[in-house]
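Taking it in order: structure first as structure tokens, then the write-up.
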């Protein structure tokens, strides 16, 4: 770690490392190659949810039958919205705040996106630290969780455990069955001992220092990878974005050779598939939600990464590649997960359904227990947690880049030459903000933030994004912007995207949003309920994010000139700063004379037409 820190501080004093002379955009910089952008975007989109949530949803919602609604939702919402966000970022070469120069009234949506990314980056860093801790623990022989720490274990071998992992109180033994089946008592105990979990959110307890050190290491790794912005992270993703696939293939090959693997795969996507599930609305809702969140739409990361593309990059082709790769990864990872879970069910002589879990239960309890039953179990455990580490790092890279890019775009004269130092400061702040999440009550904070912030709030932001660009700015107008990058396309090509952007996608988002609010239940961790003040704090986080939208809108209305109607028309019209970043790409549509003319909203053709209907007709 000392060498990494020295490297970071050395580079932090060098200037303009994020821009090369051969870049098309010498003001902001570009990706060194197309492959770096593709790998970075795939690494950002393919997150922990692809590994620990999708396989469970497939099993829960009819196995192979679930692929039908999943890929339907991918086509009608996932790909169109991913393409939309990528095109927006590439066209103006700006982050999620400055892209709202197209509709200044809704610039608060961009600020809200950054706030979501900031808060989520705090606990995502903590999850990476969990992976680091388990990865280091995998070097022990036997694995710490291969032996139960409780005297109440019935189905796993008993024996003495390393003193490093012994429980410090009887609470762990008494709460082991609250979350998972008793067969998981060994790994469950290790997980809770690693966290030194308190009884609830009320009991914060001290910082768990081994997790704090792992959190420091993860923050250091992220800072080192982003020290030169996309120039350094683009090189790192050659490993971090591809290594998970190597591990998945290795685990799959090993898994299918194990006894009971067939039962696991049958439960996942085989003959156990239940087509009657397609008649249940919940299945379609789960498919849409998984598609939406797995592509990281609404976080600002997709726009940020595409903003470093060259202007004429084929963003449409890239969007298809990334979205299909993301979906394929989810399906492919499920085979590796369920083949080994099937083997574990065979050993325990239990139905596969009783060993299948999601989220933390799968990544840190069920799957580690399954790996401990394999020959050379430390090797398999190390590979698995190293894979989780690399998957988490890729997503964290993009999250930090969103924050950095917005600050650099807003204050280029201050931060452009000090980007390395800015990245270090942001990672240091996130480390300090993450310390409450590595206290004894840390797992409750992680759950609270995840359930309130990384949930339906994103649906609100994306819905406003669609309204802003498709209805207010104008869908047809933005299509012309895209054609400036890609060249002219036939009407039939854009017909599908118009249908999705104007009707299908927003309707699905509205249905999911209303459904999510109607079925909302206060979050909990297992059987541990959060106190009232904790739930109030969760809603305060939601309010803190969403309030930026009306606050920024009101401030802009107050600063504009004219009567209220004129102010609203002006703020619903693109500002003179909305255009391709480089003069050479602006053409006649965004020439200086044209932009000056367009700043007067009454001189524009749209001014005398209803902004909602004109965008479609």
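Here the Cβ of each residue, glycine as well, is placed from N, Cα and C on the backbone.
Bear in mind that TrEMBL entries carry predicted annotations, made automatically and left uncurated.
Quick look at what TrEMBL annotates:
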- 43, 45, 46, 50, 294, 326, 394, 395: Na(+) binding site (BINDING)
- 66-84: transmembrane segment (TRANSMEM)
- 105-136: transmembrane segment (TRANSMEM)
- 207-227: transmembrane segment (TRANSMEM)
- 236-253: transmembrane segment (TRANSMEM)
- 291-308: transmembrane segment (TRANSMEM)
- 320-341: transmembrane segment (TRANSMEM)
- 379-408: transmembrane segment (TRANSMEM)
- 420-446: transmembrane segment (TRANSMEM)
- 452-474: transmembrane segment (TRANSMEM)
- 495-518: transmembrane segment (TRANSMEM)
- 530-557: transmembrane segment (TRANSMEM)
Legend entry - Recorded stretch, among 207-227, 236-253, 291-308, 452-474, maximising Cβ pairs under 8 Å relative to the transmembrane segment (320-341): 236-253
Legend entry - CB within-chain contacts under 8 A for residue 50 (Na(+) binding site), separation at least 6: 294, 326, 329, 330, 333, 391
Inset, instruction - With the transmembrane segment (291-308) as the reference, find which of 420-446, 452-474, 495-518, 530-557 contributes the most Cβ pairs under 8 Å. - result: 452-474
Legend entry - Intrachain residues whose Cβ lies under 8 Å of the transmembrane segment (530-557), provided they are six or more past its termini: 104-109, 111-112, 115-116, 119, 200-202, 444, 448-449, 451-453, 457, 460, 464, 522-524, 564, 567-568, 571
Legend entry - Best-contacting stretch, by C-beta pairs under 8 Å, relative to the transmembrane segment (236-253) and drawn from 105-136, 207-227, 379-408, 452-474, 495-518: 379-408
Legend entry - Residues that sit under 8 angstroms from residue 394 (Na(+) binding site) by C-beta distance, when 6+ apart in the chain: 40, 43, 44, 46, 47, 237, 240, 241
Legend entry - the transmembrane segment (66-84) vs the transmembrane segment (379-408): 3 or more CB pairs under 8 Å: no
Legend entry - Proximal but sequence-remote residues of the same chain as residue 395 (Na(+) binding site) (Cβ under 8 Å, at least 6 apart): 43, 44, 47, 48, 124, 296
Inset, instruction - Considering only the recorded stretches 105-136, 207-227, 420-446, 452-474, state which has the highest number of Cβ pairs under 8 Å to the transmembrane segment (379-408). - result: 105-136
Legend entry - Spatial neighbours, same chain, of residue 45 (Na(+) binding site) - Cβ under 8 Å, 6+ residues apart: 294, 295, 296, 302, 322, 323, 325, 326
Legend entry - Residues close to Na(+) site centre defined by 43, 45, 46, 50, 294, 326, 394, 395, Cβ within 8 Å: 42, 44, 47, 296, 329, 391
Legend entry - Tertiary contacts of the transmembrane segment (105-136) (same chain, 6+ residues out, Cβ under 8 Å): 48, 95-99, 194, 210-211, 214-215, 217-219, 222, 298-301, 364, 368, 381-382, 385-386, 388-389, 392-393, 395-396, 399-400, 402-403, 406, 430-431, 433-434, 437-438, 442, 445-446, 449-450, 453-454, 457-458, 461, 464-465, 467-468, 472, 541, 544-546, 548-553, 556-557, 568, 571-572
Inset, instruction - Would you kindly list the residues that approach the transmembrane segment (495-518) from elsewhere in its chain, counting only those six or more residues past its ends and only Cβ-Cβ distances under 8 Å? - result: 73, 76-77, 80-81, 83-84, 285, 288-289, 292, 455-456, 459-460, 462-463, 466-467, 470-471, 475, 479, 616
Legend entry - Cβ-Cβ neighbours of residue 294 (Na(+) binding site) (radius 10 Å): 23
